[in-house]
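Participant: So that we are looking at the same thing, I have put the structure below in structure tokens.
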Amino acid sequence: MLKGQKEGEAEPVPEGDKSGAGSSPSGVRKGLRVPLGLVSHSFSSLAKHKEAERRLTDEEESLSSPQDREDDAASPNIMAKSIAGLLTTASMYVGIGDIHRAEQLATGQPETDAGADETEDEMDEAGDETGDDADAPATGTDGEEESRPVSAQESRRSTLFELSIEPHPESHTAQASRTKNRRSRMTSKLRSKFNLDDDEELVREYPCWLLRDVLIQGHIYLTSRNLLFFAFLYKSNGSARLTGNLSICNNGLSISGISGKPTRYWTVLKDHTLSLYSSSTDLYFPVLTIDLRYVTKVQHCKNNGKDTRQFHITTESKTYTFYSDNEHSARSWSSALKKQVFATQNSDNDSMSVRIPLSNIIDVEEQAIVEQGLTLRVRVMESSDSFALDDYFFMFFNNAGSQLKELIQIQVANLEMLGAANVDYARHPLPPDTEASLPAVASDAAPQDAAIASEAAADAAAADTASHSPSTNAEPRARGRSTERAMAASAYLFGRLTSPRRDDAKQLSPSKVKLRFRSVADTLKLTTPRQPGSDAPQEPEPETTILESRPRLNYWSPRPFTTMRSMWNAQPVHYAAKGMSLFADDDELMIGDEAELLAADKRFKAHFSLTDDESLVASYYTYLNRSMPLYGKIYLGKTIMCFRSLLPGSKTKMILPLHDVENCYKEQGFRFGYFGLVVVIYGHEELFFEFASQKSRDDAEYVILKIIDSLKPVDGVMADDMSAGAYSLKAAQGRDATTDAKVKLFEQRISSVGYDIPIMVEDNPFYKTTITPKKFYTFGMLTIGSRGDVQPYIALGKGLLQEGHRVVVISHAEFGDWVRSHGLQFRAIAGDPAELMALMVQHGSMNVGLIREAASTFRNWIRDLLETAWEACQGIDVLIESPSAMAGIHIAEALQIPYFRAFTMPWTKTRSYPHAFIVPDQKRGGNYNYFTHVLFENIFWKGINSQVNRWRVEKLGLKKTNLEFMQQGKVPFLYNMSPTVFPPSVDFAEWIKVTGYWFLNESSNYVPPQALLEFMAKARRLDKKLVYIGFGSIVVKDPVKMTMAVVEAVVKADVYCILNKGWSARLGGQSQKSIEVQLPNCVYDAGNVPHDWLFPRVDAAVHHGGSGTTGATMRAGVPTVIKPFFGDQYFYANRIEDIGAGIALRKLNACTLSRALKEVTTNTRIIAKAKKIGQDISKEDGVATAIAFIYSEMAYAKSLIKAKRQEDKKAAKEAKQIQNEDSWLLL
């Protein structure tokens, strides 16, 4: 203890010794050599006894038709060197005080300061990007410094991320009802669930991190005889954890047209599977599915010490090689896969636990991590006979580890005095009756009996550990990791957690040591720092020891076939699935042999990588008709319908959740003598099957319909049964959508210094771990155009504002008051959006006339835009720009700041969609689509390059550039559109993200006029369809004629219309503006009404097809008619028609509009499709997804800036050399 330090406080680390190097002969029994070059040292003694008791009481919560001849009325007008240094370099903070503060928040107590936890971020190098300097003042156009919008920013600690634990709202009431005897009740639950002795007592509990293949956040509990660790792992809720495009190269798979050539697929990481699909819209037919339960290794490849874009996934039978678009993406995929593999193979009921008897602890050593934290290495012996050792690394903060170490010493000393002997775990299995106890615990944790969060968490912890019975749950969790004896031992001692083995040559005989798993040193590569040129290109290492191989399945059939005809005419087969009673006991199609039943069920799960919760119900031989009839077999499970091709050379599989099936019905077959069955899927094309016998077809229809009915919730029955078990899942799903992205950014910071370790933040249903960035960026959002172009940026800006950042919207001056009303800063740029709108409407699409007029008329317009944009972007740290603004990529290069693009229409090169400004009248294929992007890019640059290059040289101080040097295809790109409307293309790069719409909800402050409400009520009272018609700020040649056509169409369609005559508001003559059309009683001129308030209250909508308006109608599930005028509106009109949610109206007059109104208000297919799309979009959070993408791609965006700077330096150096050579030649 240092001089002047109070008892119970942590010793400060000397300024010159940040690594915590020191020495102290602290060991529980016999001091062993510190691994991996670590030096152990001592920390402060224990706190006072009363302080310990108080903290213990406060911390127990944690457990817990042909075209008409009429004219178009809408025609347009004009870790450093060791494990100890791992987190020192990353500056992570999490503390025991977070639990304490969470309890105080939950119980209404005044919050106390947990102490100063400031640490320096040692990873930032001197002279790093200016984007890192978030303290630079944001300067407005008036030159005054603007203040931060969130005052709480100033009080945050200077760490890379703060991990603060906050209670879920559901646990607030439970927290307030805690009682004094909670400690005894917790001890009782631990005793019963962990099979502890009756006299065993809980001594202390701490939050900590367990270092394995991943770094896991959890809690550790010290009892009088055991050391227990518990953590909630990722929930298996069916949602995708990571999606994107990957290329796979594997000669053993027939998924590539050319052997050995990488093929690109849409990849989805979800629960225990990694699935590859041909496209992001065909998610029922996987090309390849890798079961993570059988993965033995995930390896991110390096070449000469540098990360590559390649990674391997090794299973028990083969190795798959994947290629991503860049090394950042490869690192993200490998990290996510490691965490998911760990959670899949070590989780029981979405949690994991470790149990270490104190009598088997050989040594406890401590190492410093951060100024107020350390790591405890606990070395444990399996038994006195085997001499097998396990090393466990527990990381603590706020010096809780030092206190725990001394408590362990005390408890071990007490056990030695009592003569306690080592426990042989292989001979002492857990009682089998404790299996699957967590559901009962979840029931206890329901809201009606969630007395204390800590007790519920303790129940879950105990249930998880108690369910690790080797005799009942030995498969398939920990495969290929250990010998049978070691597996049996660890199943008792450590649950399902596989652990590394280390041998100490000085103390143990090599013949008696079992090398069960690669060590932490092998996993983290921490013994030596990364050195360029030191590593050869890595190949996957072969697994030398496998505990048990994945079962090789024999193709058994319950009815042996003698001819191919007998197989085609085979009868259906029924199976007695557990928990379902669809068939009679005397069913002649039922399999009666128990062995045959189990074998068929096992094959079913193996074919489609299903979990043990699924069971086979029935199977049928059939043809699947897609592009051509494909013969195979249908498997019906309890909740799933699968198909597998039986034709040689074909590997087609289908996995269709029956929750997505709306109906199925009988139909005639395409071929004579066959019987058809149509399966109707929500939001998807129907599937058509043909059966050789009518009996099989009818039976399949009956069974499918019965299963669908059983999956529908029954009021008052299923809801009650599920409420308790779903409580913890619901609470855990409240996790912030940006959490994983922030963890990814944190992992990238660690990886930048040479270490690769995924981090798993605990998915605790009772406490929410929030991660707050250390650095607060000033985000600049540059856009031009109409109100619809600015609105998404306001929504995104408000989301970034909640994250603690500063946001500046840079656009036309007329939007300033609107932007500021939402709490965002605003800076004006030149340009009249009405003039731009008139130009675009006059030409409609990209053509020579548009280019010529723009070059002559808008030369000064573009010049002023570039100059004012440069001035407005001063002082920002990250720039997000609509590429139509033209200036952003050059400004970001000059300011050396990260640069993102965001847009509402197709802009990046792809074969799936044409460029929004060159949309053909009919689909022309992928080559044409790609050509439109190349054509537009060149035309667009040709029109502005001379002005841009002059501006670059004179104003920005940069050299001239061209399309090749700009590398626009590498810029991180956000599409603020729904993937339901704009599915991401397979050829999109990993840095292109379709996030979902950025909705700006303004209905909360809107008070509708009484006349509008009465009009809507009258329409409902008369049983009339209510439609909205409005075209935003579109400029038309004759607004009066257009209004008359709209009114006549409404009367013909016999509907009621809410009208927004925005088309007569801009650039119209005074005579036109003064002429008004007399509106009938069925038309109400409402003006501007917030879309999020109005659209859910109407039956259909007619609009111009702007991105924002299209998103609002799709979000509300409203059938839509789009009359496009220019640009991306044609694209959206086609998309809405393609997905079946509306009609694209090429010509607007009374006849065409009235027919369209009748169609969208009466066609049940369009209505149902729009409703389904609305349900899908309502589940999206576009702003949160965009923020997560920005966090995850920030490192990549910075790397682009660095690369450009290095290229400039290299070019300048070469130019200087050439100049010197020329000078010498002149001499």
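Sequential numbering from 1, following the chain as shown.
Any Cβ shown, glycine's included, is placed from N, Cα and C.
These figures come from a predicted structure and were not determined experimentally.
Here's the feature list from Swiss-Prot:
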REGION    1-76  region 'Disordered'
COMPBIAS  48-57  compositional bias 'Basic and acidic residues'
REGION    104-189  region 'Disordered'
COMPBIAS  114-135  compositional bias 'Acidic residues'
COMPBIAS  154-171  compositional bias 'Basic and acidic residues'
COMPBIAS  179-189  compositional bias 'Basic residues'
DOMAIN    188-229  domain 'GRAM 1'
DOMAIN    239-342  domain 'PH'
COMPBIAS  449-469  compositional bias 'Low complexity'
REGION    449-484  region 'Disordered'
REGION    523-550  region 'Disordered'
DOMAIN    602-668  domain 'GRAM 2'
BINDING   SER786, ARG787, ASP789, ASN1060, ASN1088, VAL1089, HIS1091, HIS1104, SER1107, GLY1108, THR1109, ASP1128, GLN1129  UDP-alpha-D-glucose binding site
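Describe the structural context of each listed feature in the structure shown, including burial, neighbouring residues and relevant distances.
Facilitator: With DSSP states grouped into helix (H, G, I), strand (E, B) and coil, the domain 'GRAM 2' (602-668) comes out at 10 helix, 38 strand, 19 coil.
All protein chains included, THR1109 (UDP-alpha-D-glucose binding site) registers 23 other Cβ atoms within 10 Å of its own Cβ.
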Participant: Give, as a single whole number between 0 and 100, the mean pLDDT over the domain 'GRAM 1' (188-229).
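Facilitator: Across the residues of the domain 'GRAM 1' (188-229) the model's pLDDT averages 82 on the 0 to 100 scale.
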Participant: Through the lens of DSSP with three states only, how would you label SER786 (UDP-alpha-D-glucose binding site)?
Facilitator: coil
Participant: What does DSSP give as the helix, strand and coil breakdown of the domain 'PH' (239-342)?
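Facilitator: Tallied per class, the domain 'PH' (239-342) gives 19 helix, 51 strand, 34 coil.
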Participant: Summarise the domain 'GRAM 1' (188-229) by DSSP state, stating how many residues are helix, strand and coil.
Facilitator: 6 helix, 23 strand, 13 coil
Participant: Where the record says SER786, ARG787, ASP789, ASN1060, ASN1088, VAL1089, HIS1091, HIS1104, SER1107, GLY1108, THR1109, ASP1128, GLN1129 bind UDP-alpha-D-glucose, what is the longest distance in Å from one Cα to another among those residues?
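Facilitator: Output for UDP-alpha-D-glucose binders SER786, ARG787, ASP789, ASN1060, ASN1088, VAL1089, HIS1091, HIS1104, SER1107, GLY1108, THR1109, ASP1128, GLN1129: max Cα distance 23 Å.
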Participant: Just jot down the residues in the same chain as ASP789 (UDP-alpha-D-glucose binding site), at least 6 apart in sequence, with C-beta under 8 A of its C-beta; none if empty.
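Facilitator: Set apart from ASP789 (UDP-alpha-D-glucose binding site) by at least 6 residues yet with Cβ under 8 Å, we have THR783, SER811, SER882, THR904.
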Participant: Quick check: in three-state DSSP terms, what is GLN1129 (UDP-alpha-D-glucose binding site)?
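Facilitator: GLN1129 (UDP-alpha-D-glucose binding site) sits in a helix per DSSP.
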